[in-house]
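One structure below.
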Amino acid sequence: MAGMKTVQEDGPSHLRAYLIVFAVNILHISTGAVMSWSSPILPKLNLTTHEQSLVGSLYSLGAAPGPFVITFGLDTIGRKGVIYVLWAAFLSSWTIMVSSQNLYVIYIARLIGGLGVGGACAGLPVYIAEVAIPEIRGRLASTALLFLGLGNLVMYGFGPYVTYTSLALYGIGIAAMFVLFFYFVPESPYYYCKKGKRKEAEEALQKIRGYKTHEKLEEELAQIERAIMLEKDNSVSFLVGIRQPVALKALGLGIFLVGMQQFTGGNPIGAYNQIIFEHANLNFPAHYVPVIYLFVGMAFLLLPVLLVNKLFGIKTAYIVSGYGTSISLALLGLYFYLINSGGVDMYDYSYISVLFLVLMSLFSHLGVAPLSWPIVAEILPLSVKGVCTGICGCISSLIGFLYLAVFPTISTNYGYSTDFFGFAAILFVATTVAMFIVPDTTGKTLQEIQELLAE
């Protein structure tokens, strides 16, 4: 019994891991705010369909180069340095919005805010993957969506009731809150080890893990050094490294996963929620829907934190999430088809549309939405992680920009049912493919994941 107690005392601190990851993920409150800002604001602006599509989608175009900021910054200014750059992008975006309501100024602000979105979605999982305890990495990674949801909640909860300028000031407040907490977060020990700064790496790892004995600290630090040494021994240029079967396979999987994530329906619903449900023939005000969606959804955000690694693994959660979200999107599409093309009067039962939306939130938050980027961060080899992260993020953002830009046009010409049926079909096929090609990384170290991909 004494031996078992010693092992427990010498183990890494789960509390510290959660506190550090929570502090980092506060940046995702800004991410969620930028993504959902257009939903309460568009009804207040007298814009054409084309102008609405640009205001709603330009953040995703701005997100495209965001991952390349991560690519070139991770090993130059460090993980913390890169995250500070992303914070500056968010702060600048909100500050520009406060300065003017001119449409072209809004376009510029949305592009800059998008840079932060793209970088945060690609960069924060890299830091979290490097500092997380392997057995709870899935749960820690899943908390990102909780903070994204908080950003959405600020926009949906206050947006319909405050002015354009006031909502932008809330965004500035979120950015200020992040920097106060992030100041105390240590740099990744992986970064220090790669730079040959062993003392700094040891200090950072101790702050992250909180080991009781120096032996356990040295043991994990030695594992990190071996992993980096192995990566250096096999270090090659990107063009050579990407030709290695493991790297090419990981990049292909990464592109597939982030592309699949884009078709959960979360982004268009986040950007156009209020406008969508103004066409749903509701028997209650449409601006209630985003708030209902968020409050109910916030409970679902805890599902992967509580269930992943406990009741089932990451891959199982991912597959169940994909199929469940696809079915929910199809049901939402059916509702809009019945009231628009089918001529069915659903006024007295319009709450069903919100129920389908809640189901979509439930299933997407279980796996595909919160776990796609963390899995990408886990599977990419260190030798090509920077560039490949940028490629995955850029492709993901471009896909998001295209469908956010065409979403209003398709809905205007063919109805919202066409949008949702399309998302459902694509996601269903992608989930079926994922069953056969996505590895289960549950409880595995980064080195073990690379060995799994090499099989």
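Placed from the backbone N, Cα and C atoms, the Cβ positions cover glycine too.
According to TrEMBL, the protein has these features:
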TRANSMEM  15-37  transmembrane segment
DOMAIN    16-442  domain 'Major facilitator superfamily (MFS) profile'
TRANSMEM  57-74  transmembrane segment
TRANSMEM  81-98  transmembrane segment
TRANSMEM  104-128  transmembrane segment
TRANSMEM  140-158  transmembrane segment
TRANSMEM  164-185  transmembrane segment
TRANSMEM  246-264  transmembrane segment
TRANSMEM  284-308  transmembrane segment
TRANSMEM  320-339  transmembrane segment
TRANSMEM  351-375  transmembrane segment
TRANSMEM  387-408  transmembrane segment
TRANSMEM  420-438  transmembrane segment
Legend entry - Beyond the flanks of the transmembrane segment (246-264) by at least 6 residues, Cβ under 8 Å: 322, 325, 329, 360, 364, 368-369, 372-373, 375-376, 379-381, 383-384, 388-389, 391-393, 395-396, 399-400, 403, 423, 426-427, 430-431, 433-434, 437-439, 450, 453-454
Legend entry - Winner by Cβ pairs under 8 Å against the transmembrane segment (164-185), considering only 81-98, 284-308, 320-339, 420-438: 81-98
Inset, instruction - Look at every Cβ pair spanning the transmembrane segment (320-339) and the transmembrane segment (284-308), keep those 6 or more apart in sequence, and say whether at least 3 of them are under 8 Å. - result: no
Inset, instruction - Find the member of 15-37, 104-128, 140-158, 284-308 that has more C-beta pairs under 8 Å to the transmembrane segment (57-74) than any other listed stretch. - result: 104-128
Inset, instruction - Mark yes when the transmembrane segment (387-408) and the transmembrane segment (104-128) have three or more Cβ pairs under 8 Å (sequence separation 6 or more) and no when they do not. - result: yes
Inset, instruction - Flag the pair the transmembrane segment (140-158) / the transmembrane segment (351-375) as in contact if three or more Cβ pairs fall under 8 Å (sequence separation 6 or more). - result: yes
Legend entry - Highest-contact recorded stretch vs the transmembrane segment (420-438), from 284-308, 351-375, 387-408, CB pairs under 8 Å: 351-375
Legend entry - Most Cβ pairs under 8 Å with the transmembrane segment (351-375), selected from 15-37, 284-308, 387-408: 284-308
Legend entry - Long-range environment of the transmembrane segment (387-408) - Cβ separation under 8 angstroms, sequence gap at least 6: 49, 52-54, 56-58, 60-68, 70-71, 114, 118-119, 121-123, 126, 238, 242, 247, 250-251, 254-255, 257-259, 261-263, 267-268, 271-272, 275, 376-377, 380, 419
Legend entry - Tertiary contacts of the transmembrane segment (15-37) (same chain, 6+ residues out, Cβ under 8 Å): 59, 83, 86-87, 90, 93, 110, 113-114, 116-117, 120-121, 124, 127-128, 131-133, 136, 140, 143-156, 159, 167, 170-171, 174-175, 177-178, 181-182, 184-186, 207-210, 267, 270-271, 273, 290
Inset, instruction - Across the whole of the domain 'Major facilitator superfamily (MFS) profile' (16-442), what does the mean pLDDT come to? Round it, please. - result: 89
